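Enquirer: Sharing the feature lines straight out of TrEMBL:
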| type | residues | note |
| --- | --- | --- |
| TRANSMEM | B:28-48 | transmembrane segment |
| DOMAIN | B:95-307 | domain 'ABC transmembrane type-1' |
| TRANSMEM | B:99-120 | transmembrane segment |
| TRANSMEM | B:132-152 | transmembrane segment |
| TRANSMEM | B:183-207 | transmembrane segment |
| TRANSMEM | B:228-250 | transmembrane segment |
| TRANSMEM | B:288-311 | transmembrane segment |
Amino acid sequence: MADVTLRGVYKDFGSTRVIHGVDLDIKKGEFIVFVGPSGCGKSTLLRLIAGLEDITDGELYIDEALVNQRSPKERKIAMVFQSYALYPHMSVFENMAFGLELSKVSKEEIFKKVAETAEILELTPLLNRKPKQLSGGQRQRVAIGRAIVRNPKVFLFDEPLSNLDAALRVQMRIEIAKLHREMNATMVYVTHDQTEAMTLADRIVVLNAGRVEQVGSPLELYHRPQNAFVAGFIGSPKMNFIKSSVVSLQERGVEVALPGGGTVIASVAADGVATGDQVKVGIRPEHLSVSAEGPMTGVVEVIESLGESHFLYVRDANGTLVTVQGKGDTRLKNGDTIALEVPGSLCHVFRKDDTALPRAFDADIGHHTPAHAASELV
Amino acid sequence: MTLALSASGAGKKSAHKSKLTSDRIRSAWLFLSPMLITLAVVAGWPLLRTIWLGFTDANLSDLSRTTFIGLENYYVTFDGEAYGLLVDPDWWNAVWNTIWFTVVSVGLETIFGMFIALVLNAEFRGRGFVRAAVLIPWAIPTVVSAQMWGWMLHDQFGVLNEILLTIGLISQPIAWTADPDTAMWAVIMVDVWKTTPFMALLILAGLQMLPGDIYEAARVDGVHPVRVFFKVTLPLIKPALMVAIIFRALDALRIFDLIYVLTSNSADTMSMSVYARQQLVDFQEVGYGSAAATLLFLIVAVMTTITLMAGNVKLSEGPQS
């Protein structure tokens, strides 16, 4: 267990800069998840921490020690790879013991450690098998076991579940969460799957084009995205963005125009906006609902029914396709004209530069945000 | 071939062969027949004829008067003395020369080939150029490179003696290809020079099949690179390595051109092929030479089988700690 600290970390591949000055403090025992679209540099950042890539500029500390120049082994990290990276000619036991054999650990000690770890991960009956005789989930457990036996300061996971099928992914996700709770180890986890990020993370780091967009707890990112990128990236289906303008500044928030002439008062602080400014209104599909008196109208283009819920894809008066998520079934048909209820307390407003106006009301964030923080924002 | 065989195998089991299956088998044989006929003409017939001639007293001066003499070319007692190939010390000398040559040259080629392959597998500027350059010795026809080396190894005008004399390593010229102490080593050196690139290329192909992530895993585990080579790389490329070694060993057991050009019929370097040619052409003993060629074929066949079996056993067992 250790702290990991990044100070102004840059990485260049040739003349291409892929990491643009990342600052990050990872606390002891924390589960940190890096998310972002492909090519955003999340895996590179992990490999920089691992020591598999050289840091071009900046400082990396593990437990207050500067480790820029240290080898992966000296950093005392363990890594679990997307492709498992098991030695194909070695048995499960040998795979787990291989990294231990050279450190001054006795044969009995190695055997004991591997046996214990195998017990935790339910690998004991498989110890003599070769990787190719194992299923994907079992292989990934061996890869995790290989990391555990080394008793590292930091666990690094590079998209460990993306090669597994959906059902197995859920199961392994739960196992990893359990493992983190039991071992209370510092873990850094890279994924492009936001469900994994939301469910596993203590804090999520959203990366975009080599820069940190926002760091925060899953619900913080969901409820208080600092910009349109984070708002669009966190949450599924994606948040709807509606082109709009500020109609008036009110005590309760900012009144913004909706397509088709209606308005809504979004519960946000009017920081740096004035009446008439062009803004973007963000509203999540699960917060929109069909209602006869709604301020926004549109035509249903496509309906997706999932049984427990349904999605309506609605073309609004500006020609933007808006996603609406509803519970259960719907009686609507393609081509129906409907009105949508837009709850102002759940709206996000983004300035022209895509930064978010601070949200004032936190009823749905619950205990995560202290009351005084909310009052400061108004 | 596999398709045709498995299809016909399946056909035998069911009493009634469907029309589709029998059509498939027929067209498979149809497509195979040109190759089978060609093989029979260019490989089967000469082989059978050589084996047959080995049982006769055929002579190059008049091949029409050929009589069957059974195993006399191989072994016969005459007035209490044994004659024939099996008791010919020259033949056995050629056999041991060939085996010695094969073991040493293939061994050296494997080691050097491995080094070169590991270097070429690394990322560096101009790798493509170096890969091509390394192949040059292999691309030169053996007769040409043997002649070239013959000149370089020449005892009076050779560049090798010139260099060694100039830097003072030797005090008088060495007759590399004529001196019994150095002749075989000269042959082995030229063969290693010529064939190492081939070995390197086969091993390189094996190396490039290896997944890169396990090397990163080994780095994270802090395993020393030398240990990674012996514990990870070597076991994983063993199948490719075995194929390369078997391939090269078969080739080396039949060595002819290099030895013949470099050292002619010298007994110090005479291989089985050179011996068979000498009997057939120089001494015009077609029957005796054919017997030698047949024995060569048998020896190569037996050694191949042994190597394949040994290789297979190792391959299926895999490394165990």
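Indices start at 1 and increase along the chain as displayed.
Just so it is clear, glycine is given a Cβ too, placed from its N, Cα and C backbone atoms.
Automatic, uncurated: that is what TrEMBL annotation is.
Locate each feature and note its surroundings.
Expert: Residues 127, 130-131, 134, 184, 187-188, 191-192, 195-204, 206-207, 229, 241, 244-245, 248-249, 252-253, 255, 259, 269, 271 of the same chain lie 6+ residues outside the transmembrane segment (B:99-120) yet bring a C-beta within less than 8 angstroms of a C-beta in it.
Sequence-distant contacts of the transmembrane segment (B:132-152) (same chain, at least 6 residues past either end, Cβ-Cβ under 8 Å): 116, 120, 158-160, 177, 186, 190, 193-198, 200-201, 257-258, 261-262.
Here the transmembrane segment (B:228-250) has long-range neighbours at 102, 106, 109-110, 113-114, 118, 195, 198-199, 202-203, 205-207, 209-210, 214-215, 218, 300, 303-304, 307-308, 311, 314-315, 318-319, meaning same-chain residues at least 6 beyond its ends whose C-beta is under 8 angstroms from one of its own.
The list of residues near the transmembrane segment (B:288-311) in space but at least 6 beyond its ends in sequence, with Cβ under 8 angstroms from a Cβ of it, reads 47, 50-56, 58, 73-74, 85, 91, 95, 242, 245-246, 249-250, 253-254, 272-273, 275-281.
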